[in-house]
């Protein structure tokens, strides 16, 4: 079932430009998911304010015996505050992980524009309600837990929807680079969320949630008026999602030496009249009979879905542990203030932007998505060890290592959740049925979200024994993520070897032909 054309798009179609829809979709989905991550980040910034070191502040005006906790926000004023912070994180992340598996199924069967914009408005509501607990003087743990659970559930509407929209508009040829750049919305959202939350964290931390809540709701309303789900809705031809089997080998290297997108104009195939797909006519095409949405088990049987899903579980465990605990780690180890720690933690996300772009570019050039992920994961393990032991020796060292760690940790995460998900959602085995994009994306990201829930939980349980043990846990997760892709990496390497052998054979035959001619 598809929705009627969005009102804002009816206005855009009257403008004298023919090639605007792909750019519009890319920019709009970028801002949509930026706002999702912007609204998730405040909790990690506000933690240090919910339980600060009160003995370093002014004298206790209440003259209580506990001089180190009088300024904390109940119920986070006890010695078990780290466990309570872990409970807050997991209330969101467990709800997100469970909801993600269901969300993809709904995303295939409901209009994406309604589904995405509705989820954004609801997410804004629950984010703001969490912050209103400050102004309403709420100190009941259950209130904050419920807000986190509700927000986690409605935020599952985001990722399957935006990946499906972008996958519907862009073919495979430059997908890694395009989605690597586009996926910087995750880090941009984290950076903006940290900066916005940091403005009010020390004065009125409730606004650190209310303002991001308003922003995501406003972007959701814009999405409702302007998002185009399918190229066919505005008369454009869909892109090529994969090449014919005789043009691409098992390793993803094109054997004819051509760019997979070379037969297209601006990512779209030429139609029978020779008109480029980006030259969209004024009237939309007649809607063809829609293929049936793929089942959950059918999506699991697509080659590579299980391996990349399990790899993402451990990769996302590492990424989300940094997302939720890095500011507190910097406060405890480097002894910065809450705002300074939040600002410094954004450098990890700056590295994530660079890592996502680099991973997409390399995987496009080599055709090896799994190999690119494995190499970055292998390099990430020693860098995490070094950051924990020497990363706080100076501000310059800390900045450099945060950027490098962010690139190596978030690069594979970004590649799997974007280009890999879109590749698998339009796999050749589906025979042109693109109705698997949301389901495949939800399975991969849902499995990864289990790791995202486990990481902060384990960090909360392990951190009282020392931050060294937290980093050992993160290094072990990186190694496991790499090992889970071994089978796919071997397949890619064999594909490259076969391609090189055929290339050498062709060169030998050409040389012999030249010699015979002489």
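Each Cβ is built from the backbone N, Cα and C atoms, and glycine gets one as well.
Within the set 42-61, 62-81, 182-201, the record from TrEMBL flags 182-201 under the feature transmembrane segment.
Cross-referencing 247-286, 287-326, 327-366, 367-406 with TrEMBL places the feature region 'Disordered' at 247-286. Most Cβ pairs under 8 Å with the transmembrane segment (305-326) belong to 436-458, among the candidate stretches 84-107, 142-170, 182-201, 436-458.
In summary, the transmembrane segment (114-136) does not lie against the transmembrane segment (399-424): fewer than three C-beta pairs, each 6 or more positions apart in sequence, are under 8 Å. Sequence-remote contacts of a segment are chain residues at least 6 beyond its ends whose Cβ falls under 8 Å from one of its Cβ atoms, and for the transmembrane segment (370-387) they are 304, 307-308, 311, 315, 318, 355, 359, 362-363, 401-402, 404-405, 407-409, 411-412, 415-416, 471, 474-475, 478-479, 481-482, 485-486, 488-489, 491-493. Counting residues 6+ beyond its ends, the transmembrane segment (470-490) has Cβ neighbours under 8 Å at 304, 307-308, 310-315, 317-318, 321, 325, 329, 368, 370-371, 373-374, 377-378, 380-381, 384-385, 387-388, 409, 412, 451, 455, 458-459, 462-463 in the same chain.
When pLDDT values are averaged over the domain 'Major facilitator superfamily (MFS) profile' (28-494), the model yields 80. For the transmembrane segment (436-458), the neighbouring stretch richest in Cβ pairs under 8 Å, chosen from 142-170, 182-201, 399-424, is 142-170.
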